[in-house]
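As recorded in TrEMBL, the features of this protein are as follows:
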BINDING   Gly39, Leu40, Thr41, Gly42, Ser43, Gly44, Lys45, Thr46, Gly85, Asn142, His143, Gln144, Asp145  GTP binding site
BINDING   Thr46, Thr63  Mg(2+) binding site
Amino acid sequence: MSDLRITEAFLYMDYLCFRALCCKGPPPARPEYDLVCIGLTGSGKTSLLSKLCSESPENVVSTTGFSIKAVPFQNAILNVKELGGADNIRKYWSRYYQGSQGVIFVLDSASSEDDLESARNELHSALQHPQLCTLPFLILANHQDKPAARSVQEKIQD
């Protein structure tokens, strides 16, 4: 066999090895889902998302307006729009609902009766909103570690 044919054979084998190891194409894209995260100020929305994104809890500052975080999981990515929960911001929540595929509602289970009533009203409003009423809702009762936290039964009865 001539040197040229040997070189061609090695080049072809290199090419096949390269294709087998490196060129299977990009990994399949993970599906992405757009979620909206709502709840009153201080309920723990920002802390929750920071924890899911492996960020330091020390730098958590209450959200004014909104923020968007990409929460990576092994099989999917959640693009979460966190909306601030202050009184003057809640009236704008519905402007950010479009395109959402699910809702995370964070409730401070250790809040005052007045705040719990406000949270209940906001949750009912979100459940009835035309852009959200058919979507899956995840309701998280946060701050269960606080002494004033209500039990699950107390929250269910409300």
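From the backbone N, Cα and C atoms, a Cβ is placed for every residue, glycine too.
Overlay of TrEMBL annotations on the structure.
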{"residue": "Gly39", "record": "GTP binding site", "contacts (Cβ under 8 Å, 6+ apart)": "Lys45, Gly85, Phe105, Val106, Leu107, Asp108, Ala119, Glu122"}
{"residue": "Thr41", "record": "GTP binding site", "contacts (Cβ under 8 Å, 6+ apart)": "Ser62, Gly84, Gly85, Ala86"}
{"residue": "Ser43", "record": "GTP binding site", "contacts (Cβ under 8 Å, 6+ apart)": "Gly85, Val106, Leu107, Asp108, Ser111, Ala119, Asn142, His143"}
{"residue": "Thr46", "record": "Mg(2+) binding site", "contacts (Cβ under 8 Å, 6+ apart)": "Val60, Val61, Ser62, Thr63, Ser67, Glu82"}
{"residue": "Asp145", "record": "GTP binding site", "contacts (Cβ under 8 Å, 6+ apart)": "none"}
| Looking only at Lys45, His143, which of these binding-site residues has the biggest number of Cβ atoms within 10 Å around its Cβ? | Lys45
| said: Using a 10 Å cut-off on Cβ-Cβ distances across all protein chains shown, tell me which of the binding-site residues (Thr63, Gly85) has the largest neighbour count. | reply: Gly85
